[in-house]
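For 55-84, the entry in Swiss-Prot reads domain '4Fe-4S ferredoxin-type 1', with the evidence type sequence analysis. Residues annotated as [4Fe-4S] cluster 1 binding site in Swiss-Prot, with sequence analysis given as evidence: CYS64, CYS67, CYS70, CYS114. The [4Fe-4S] cluster 2 binding site annotation in Swiss-Prot covers CYS74, CYS104, CYS107, CYS110. As annotated by Swiss-Prot, domain '4Fe-4S ferredoxin-type 2' applies to 95-124, with the evidence given as sequence analysis.
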Amino acid sequence: MKDFLQKVNSYIKEAFSAGKYLYDGFTVTFDHLRRRPVTVQYPYEKLIPSERYRGRIHYEFDKCIACEVCVRVCPINLPVVDWVMNKETKKKELRNYSIDFGVCIFCGNCVEYCPTNCLSMTEEYELATFDRHNLNFDNIALGRLPTNVTTDPSVKPLRELAYLPKGVMDPHEVPPSDVRVGKLPEEVYDWMKPKLNDIKNPTVEPNK
């Protein structure tokens, strides 16, 4: 009788443990079911980065005084400042400035400590390339302004996803019935179809 009761007790404990594990698993599953989808049909849809996003560095050649503060504060001594000393004026003359974004960790120290504010962080994050050497930007490439997603006709910027609604701290509190993050390819095509027709069949007004 004692052995039988021990077996029953062991069976009850195992059943209780299995039920607990099932409950924990279904809790995670149903929690994910309540979340909003996060799919974005890139590159037809792009998220607008947050206000303090640390993207590609923008550089203004005319403001730079070749002080090399950016090199000293960089954790990996990345910026390359090429300058010569003008013996007549006894001042530095900047010749070239470059940053290799294949090595950069985007910490923002160079931007923070620049005395002339010639460096700034942009929201540009599309730096993919087939050759890593193309990620070494010189002063000309660094001086180009980043492309604006909101003015690109081939891209639908998701403005409503840049920030959470006012007063909402947890993204799980946003109901699933709100605006979807991503759209299906056919929905993207339907949205772009009128614009594609305008490109294929442009309207030409006769000369008066």
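Every residue gets a Cβ built from N, Cα and C, even glycine.
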(message) Using DSSP, what is the helix/strand/coil residue split across the domain '4Fe-4S ferredoxin-type 2' (95-124)?
(response) 5 helix, 9 strand, 16 coil
(request) Check each residue in the chain of CYS67 ([4Fe-4S] cluster 1 binding site) that is at least six apart in sequence and keep those whose C-beta is under 8 Å from its C-beta; list them in sequence order. (result) PRO115
(request) State the residues, same chain only, that lie 6 or more residues beyond the ends of the domain '4Fe-4S ferredoxin-type 2' (95-124) and have a CB under 8 A from a CB inside it; answer 'none' if no residue qualifies. (result) 48-49, 52-65, 67, 69-70, 73-76, 78-84, 132, 135-139, 142, 145-147
(message) Below 8 angstroms Cβ to Cβ, which residues of this chain, lying six or more residues outside the domain '4Fe-4S ferredoxin-type 1' (55-84), approach it?
(response) 49, 92-101, 103-107, 109-125, 127, 137, 139, 142-143, 145-146
(request) List, in sequence order, those binding-site residues among CYS104, CYS107, CYS110 whose Cα sits within 10 Å of the Cα of CYS70 ([4Fe-4S] cluster 1 binding site). (result) CYS110
(message) Neighbour count first, Cβ atoms within 10 Å, every protein chain included; then name which of CYS70, CYS114 tops the list of binding-site residues.
(response) CYS70
(request) Helix, strand, coil: count each for the residues of the domain '4Fe-4S ferredoxin-type 1' (55-84), based on DSSP. (result) 8 helix, 8 strand, 14 coil
